[in-house]
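Below you'll find the structure, written out as structure tokens, and then a few comments.
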Amino acid sequence: MQLSTYRFSVLVSIVFISGFAQGMLLPLIAVIFEQGGTSASLNGFHATALYIGILIASPFIEKPLRKFGYKPLILAGLLAVILCFAMFPVWKVFWFWFVLRLLIGIGDHMLHFSTQTWITSNSPENKRGRNISLYGIAFGAGFGIGPLMTKMLEINENLPFWLAAGLCLISFVLMTTIRNERPEAESARTAGATAIDRYKHVFKLAWVSLLPPFAYGFLEATLHGSFPVFALRNGISLDWVAVLLPAFVLGSLVFQLPLGILSDKWGRKPILIFSFVSGFLSFLATYWSMNSFWILISLFFLSGMFVGSMFSLGIAYMSDLLPKYYLPAGNILAGISFSIGSMAGPLIGGSFISWFKGGAFVFAICGMLFILCLPILFMKNKPQTALSSKSA
């Protein structure tokens with residue numbers, strides 16, 4: 001079934017607001033804890049709570065989706081996120097906030113997994129890159145605007161949390177207006193397979209497509225969770241941080257749709273390789289530009305242009321490699337890959353900030369991009385027809 005324009009618009013708007021909430025939460029709590037004297041390592045550890053929640057939810061989410069459909073899972077996820085954001089101002093304690101972030105991760109994964117699978121399952125192949133890019137643009141736009149809310153700390157520390165809860169409530173109301181659907185039924189061969197069997201088969205067919213979501217999770221969480229700490233410790237003002245992070249996301253918004261359309265035309269693999277190599281060079285150049293605001297903001301913008309599409313390109317690549325009835329399992333593994341990258345990013349970034357001086361933080365990002373590009377570069381593509389016949 002094809003996505004109607006209205007349904008697609010509602011799903012994209014929900015993803016935008018979710019991106020805003022996530023983009024606000026990472027730097028906001030990082031700054032609150034840094035100003036309160038929390039160590040960089042503990043700050044980085046706290047940022048992993050959201051992604052631990054995603055990992056906890058991942059093994060259990062496919063079966064409810066197949067049983068109840070997309071809409072109930074999205075509504076349940078939004079409700080969990082609304083309640084958690086409303087609870088942040090109640091009790092400012094490290095471990096209480098950790099639990100709230102973990103629960104937000106569970107709720108966020110429910111709605112992202114459902115919207116992502118809904119879009120990938122109902123997009124025609126010649127528009128798949130375009131549609132997933134629009135999904136990525138919506139999330140990226142929200143994620144880019146989110147860090148600007150750190151300026152609200154000067155007014156009231158609780159204001160950003162109330163705003164995020166209100167916007168998520170708007171998403172909840174919008175979601176009630178669209179009709180529910182369920183994923184495509186499994187084939188007779190796969191219907192009796194366990195979740196582990198499906199994950200193994202998906203990993204065997206499309207493991208290389210899981211690397212870009214890992215890379216994007218690593219970059220996104222490191223930049224939004226650890227870069228504010230790195231900046232404050234290296235003489236970069238909070239005002240700079242509030243502009244540099246949105247510049248990265250703005251770059252991804254500018255180039256995400258063109259890259260998605262080009263990947264529909266030329267293939268996912270060459271566009272992914274181009275993105276990894278160009279992102280590596282852009283981030284490497286920031287090492288020599290820490291004292292120049294305009295050069296630094298230009299490089300952040302360029303980096304966003306090149307690597308900000310990795311998640312959506314990876315999802316499109318995975319959708320090319322898998323039959324439709326494997327897409328729910330594939331999207332779960334993509335979410336797990338993204339979460340592992342998002343957990344590794346702040347931990348590695350925070351550790352590099354604590355252990356090393358200077359620009360070692362930059363080399364951690366560049367090293368990750370270089371290592372993950374190699375399997376994509378040397379992996380031989382398998383024809384889709386062969387994959388489908390194997391899995392039918």
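Numbers run from 1 along the shown chain.
Using N, Cα and C of the backbone, Cβ positions are placed for all residues, glycine too.
TrEMBL annotations: computationally assigned, not manually curated.
As written in TrEMBL, here are the features:
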DOMAIN    7-385  domain 'Major facilitator superfamily (MFS) profile'
TRANSMEM  12-33  transmembrane segment
TRANSMEM  45-61  transmembrane segment
TRANSMEM  68-88  transmembrane segment
TRANSMEM  132-149  transmembrane segment
TRANSMEM  161-180  transmembrane segment
TRANSMEM  201-219  transmembrane segment
TRANSMEM  239-259  transmembrane segment
TRANSMEM  271-288  transmembrane segment
TRANSMEM  294-318  transmembrane segment
TRANSMEM  325-348  transmembrane segment
TRANSMEM  360-379  transmembrane segment
With pairs restricted to those 6 or more apart in sequence, evaluate whether the transmembrane segment (360-379) and the transmembrane segment (201-219) have 3+ C-beta pairs under 8 Å.
yes
Range from 12-33, 161-180, 201-219, 239-259, 294-318 with most C-beta pairs under 8 A to the transmembrane segment (68-88):
161-180
Sort out for me which stretch, of 12-33, 161-180, 201-219, 239-259, 325-348, has the most Cβ pairs below 8 angstroms to the transmembrane segment (132-149).
12-33
Determine which recorded stretch among 161-180, 201-219, 294-318, 325-348 has the most C-beta pairs below 8 angstroms with the transmembrane segment (239-259).
294-318
Could you name the stretch, out of 12-33, 161-180, 294-318, with the greatest number of CB pairs under 8 A to the transmembrane segment (325-348)?
294-318
Any residues 6+ beyond the ends of the transmembrane segment (12-33) with a Cβ under 8 Å from its own?
42-43, 46-47, 50, 74, 78, 81, 85, 94, 97, 101, 104, 108, 111-112, 115, 134-135, 138-147, 149-150, 153, 157, 160, 164, 167-168, 170-171, 174-175, 221, 224-226, 228-229, 238, 241, 245, 249
